[in-house]
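Below is one structure, written out as structure tokens, with a few remarks after it.
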Amino acid sequence: MIRSTDGSAMPAITGFEETSAPGPRAGGIAARALGGGRPSPYLDKLNPEQRRAVETVDGPVLVLAGAGTGKTRVLTTRIAHILATGRARPGEILAVTFTNKAAREMKERISGLVGPSAEGMAWLGTFHAIGTRILRRHAELSGLRSDFTILDADDQIRLCKQIIQAEGLDDKRWPARQMHSLIDGWKNRGLTPDAVPLGEARAFANGRGADLYKAYQERLRVLNAVDFGDLLMEPIHIFRSHPDVLASYQERFRYMLVDEYQDTNVAQYLWLRLLAQGNRNLCVVGDDDQSIYGWRGAEVDNILRFEQDFPGAAVIRLERNYRSTGPILAAASHLIGHNEGRLGKTLFTEHEDHDAEKLTVASAWDSEEEARAIGEEIESLQRKGKSLDEMAILVRASFQMREFEDRFVTLGLPYRVIGGPRFYERREIRDALAYFRVIVQPADDLAFERIINTPKRAIGEVAVKTLHDTARARQIPLFQAAIELTQTEELKPKTRTALKDLLASFGRWRSELDRLTHTELAEIVLDESGYTEMWRMDRSADAPGRLENLKELVRAMDDFESMASFLEHISLVMDTENDAGSEAVTIMTLHAAKGLEFDTVFLPGWEEGLFPHQRAVDESGQAGLEEERRLAYVGLTRARQRIFVWFAVNRRVHGMWQSTVPSRFLDELPEAHVEVREQGGYGGYGGYGESRFDRVEPFSSTYSTPGWERAQRRKAGGAQRSREPMTIEGELVAKSVADHEPAFAIGARVFHQKFGNGTVSAVEGNKLTVDFDKAGRKRVLDSFVQKT
DNA sequence: ATATATCATGTTTTT
DNA sequence: CATGATATAT
């Protein structure tokens, strides 16, 4: 078996830790201790390419690190090397990651190499955490106070809604969600309101897109708040308008490192480039084949263009894979080879593994059977002594998870779901936090509005609207408006008393702020506000869980100094403590799996429309398809030893059964390394036993199946649509099936693969209601029936 | 103001 | 199907 050499934590270097006493110059001390021509022991563990990536310290470096080639090891060792050779102190290295988890891991591993001096790495963190740090220092240059609030997606959407309404627009026609994603997209690309391309700005709200964006920004300033995008945008703005500030950071950051560079967006790129213009000691590590966040603004171009942006950059390829068996690497490479526009890497392994398993491809009648079969496979592996911790099911979309959970619950098979709603995104947690936010920051209108009538206290829509009007007219925060309105007769008596009570409570809580510990106060607030009572009275199934979460929240607060520091922290670090717990199979999305590895990987749902996802192909055409393929590549390369790819011949989509077509990605796996499981399978690969369910053509001829052609047609249509401007006279064209010709008349006889023959009784767009001779009345998509 | 009915909607997700 | 958001009735 091939074990990743970077899979386990690196041992601390003996003889190194003792010499590296804590302190600002620990690196220097260590360097001296290591000096005199003594080899640096940490370098011995590296292969030649890795070593080059570590030792090429000065100037721009692009490290193209394929999956499982020791990317993290290179990054951490490089930092250790810089510290150990005394080139920089811990505080002079900028190291950026995308997730808090990655940052945490990196810090831990550096500690393992250089000892406690890693703690001094104040600038190791996510783009957003570092952006926040910079922005807090120079808040006034952005019209903010340094105690600004960071809004999350939920707050942002509510703010958008308020602005849409304030502008007198119909919030039905122009959904806040859409405005939010537009603004988000613009910020991802580093665009300020006046820089938004006209065409795009026009597409929203009758051409007022950019105005709304501007209004949104102004509103943020009034609230003394920023959104995630601002955490990058504002530092860029400060750097550009204050060269002295920029220069001080350029000087400070003697070495810069970026992880997962293929995931950077334009704003992050601009931010980095400004900082790197100083000494150009920028090292980026990434894998263009693992870029799967394009839909969120990541620009693969950033990595593809690095050499042009930083002339003279050293390019180092890490292709030696320590993770997977030959067949797995061959399959992954073959599949990704179908993409164009790659920098091109070929993974290889030096290990001869004669008994390496081929990939298994299998089919199920429907998704239920797929879950059942995978459950059986897992149990069988378990009987052979394999650990559940080393097995993962990687799905394309989270709705696929449920079927597995259901099945595993009945089997009593322990599983762990990664992803899903995070702890701090849950309703009860956000409500509780809103209370705390109002206490700490009375001007936090969004928080105040969230809980003004939660629990129900007779302050309804009308009252809130009055509050808003007053606040806007007088240019004061909602809370202030509330205070003033309780002095007048404008509100209904009942509402007025309720509001008065609430305000009085807040006054009381605020005065307790320094008398009590923040955890005590939190308990009092949740109690006195009636919030816990609300859930205790709630008879629904999830109420007890919510109460439990609230307790957990208070427990978590204990780790922080004060209420304010707690709030500061959670807006950036929104990840749940992952319960290590006991042995369990992991279920997660392919996206969430990036960076992880398992002995056994199950990849269910390889069907056209689901994977590649229809929407990715429709909305982004060829680029979308290639990103889906990279996702498949990520999935395959998570496995160390064995992979089971599955597809279901029938799948329930939005409640109705649809027959499916196997994913084109299946055809892109190399036959020599794939074993098609015939037993009990559907799909008749290789012309095997024809059954009455047989509609899936053999591998080689999938391209001629009606389904594949349909997919191609859809793709062509989709690509066309997305190339054309999305607007006609400033109006967004509905993305739906406007171009759909009603191909079926009422009374037409049709045939459906699952339900057999029937008569069309109603047509509604592309949805048909069909009375089937055997199966009764069903609603089906027209693309799944044929005229007879 | 709030409880209930009806309706549209439906990837991937960090910060 | 299942959820959330909005219209309607109480």
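FYI, residue positions are counted from 1 along the chain as it appears here.
Glycine is no exception: its Cβ is also placed from the backbone N, Cα and C atoms.
Residues annotated as ATP binding site in TrEMBL: A:ALA65, A:GLY66, A:ALA67, A:GLY68, A:THR69, A:GLY70, A:LYS71, A:THR72. Cβ neighbour count for A:LYS71 (ATP binding site): 24 (other Cβ atoms within 10 Å of its Cβ, all protein chains included).
The domain 'UvrD-like helicase ATP-binding' annotation in TrEMBL covers A:44-325.
Residues annotated as domain 'UvrD-like helicase C-terminal' in TrEMBL: A:326-595.
If you look up TrEMBL, you'll see A:1-25 (among others) marked as region 'Disordered'.
Positions annotated as region 'Disordered' by TrEMBL: A:704-724 (among others).
Look at A:THR69 (ATP binding site): DSSP puts it in coil.
Ranking the binding-site residues A:ALA65, A:ALA67 by how many Cβ atoms sit within 10 Å of each one's Cβ puts A:ALA65 at the top. Neighbour list (A:GLY66 (ATP binding site), Cβ cut-off 8 Å, at least 6 residues apart, same chain): A:ASP287, A:ASP289, A:ARG317, A:LEU318, A:GLU319, A:ASN321, A:LYS345, A:LEU347, A:THR637. The average pLDDT computed for the domain 'UvrD-like helicase ATP-binding' (A:44-325) is 90.
Of all the binding-site residues listed here (A:THR69, A:THR72), it is A:THR72 whose C-beta has the fewest other C-beta atoms within 10 angstroms.
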